[in-house]
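Enquirer: What TrEMBL records for this protein is below:
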type	residues	note
DISULFID	Cys205-Cys226	disulfide bond
DISULFID	Cys304-Cys325	disulfide bond
DOMAIN	37-153	domain 'Ig-like'
DOMAIN	159-254	domain 'Link'
DOMAIN	259-351	domain 'Link'
SIGNAL	1-15	signal peptide
Amino acid sequence: MKSLLFLVLISICWAEPHPGNSSLEHERIVHIQENGPRLLVVAEQAKIFSHRGGNVTLPCKFYHEHTSTAGSGAHKIRVKWTKLTYDYLKEVDVFVAMGHHRKSYGSYQGRVSLRESSENDASLVITNIMLEDYGRYKCEVIEGLEDDTAVVTLNLEGVVFPYSPRLGRYNLNFHEAQRACAEQDSVMASFDQLYDAWRSGLDWCNAGWLSDGSVQYPITKPREPCGGRNTVPGVRNYGFWDKDRSRYDVFCFTSNFNGRFYYLIHPTKLTYEEAVQACLKDGSRIAKVGQIFAAWKLLGYDRCDAGWLADGSVRYPISRPRKRCSPSEAAVRFVGFPDKKHKLYGVYCFRAYN
């Protein structure tokens, strides 16, 4: 009897090393062969690309391993979409569907739905994409005692830019950094966004906050003040710091905008307040730092005239390097934070489309 029981157990169970910890040989995952089909959830694409203001579909379908049908019909299918945080320890509810019941959460309310192009389609449709929508999403399908998940990453076309306030470098704690990015039509950049920007040539020696609470900076040209000449290019990591007490700059991320960015043609140069009023008189508002970076990076905007921006800084965007206009590289050139009452410059305006 004992030998028969042993043979039965061997026939339905097997063990394999844990994929994330192969060095610990005593750890095993035990798979049990169950009767009937096993639920499988599949994302046809691991990464989806879109832009702010656009619409996107995050793919997700579910199958039974040994059948082509979506479900057995014995249990109702429950579909749940959540957004994963950077450390995967917390999930943000996005959308839940079961039968005819539907529920969306937070900023996703009114913007998410299931595509349901077939009975096994659990793909999530997101409309009017916001900068905050960037990230990893988990599709979970539950039927009775069976469930499975798939993860899809939503990437946004955009630009990462370093930012420090009028007070100078290293003056923002984490929460102030969040507000600073929001005030400039952007959000705090993620590590993945900063890494992609570094691969595209971003080089900045000042350390800045990222959305996961870490402090990092990208170096493409190693030099003494930035880690030393003999170090390799890369994204330097200061680690995680106290979000209330530690102070650094910040890396912000912005995407395209629904409006028109332009340099205001005016007969005279302007003080800051005159620049604000000039934009209002022209039916627009003084542009933000995120808007000048988006126009430069995504639209190729090029202008050699220095102009006021909403934060009191003066900058100008160069897409075609030339003499007297950033001869060595394409960039948004930073003039500084001049005296608002006495210094005279042009102004960049932004008119939102309705």
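Keep in mind that glycine also has a Cβ here, set from the backbone N, Cα and C atoms.
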Enquirer: Round to the nearest Å and give the CA-to-CA distance linking Cys226 (disulfide bond) with Cys325 (disulfide bond).
Expert: 26
Enquirer: Please report how many Å separate the Cα atom of Cys205 (disulfide bond) from that of Cys325 (disulfide bond), as a whole number.
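Expert: It is 22 Å, counting Cα to Cα.
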Enquirer: For the domain 'Link' (259-351), what does DSSP give as the number of helix, strand and coil residues?
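Expert: Secondary-structure composition of the domain 'Link' (259-351): 21 helix, 30 strand, 42 coil.
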Enquirer: Among Cys226, Cys304, all listed as disulfide-bonded residues, which has the most CB atoms within 10 Å of its CB?
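Expert: That would be Cys226, with the highest Cβ count within 10 Å.
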Enquirer: Within its own chain, what residues at least 6 apart in sequence put their Cβ under 8 Å from the Cβ of Cys325 (disulfide bond), listed in sequence order?
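Expert: Listed in sequence order, they are Cys304, Tyr316, Ile318.
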Enquirer: What is the average pLDDT across the domain 'Ig-like' (37-153)?
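Expert: Summarising the domain 'Ig-like' (37-153) by its mean pLDDT gives 90.
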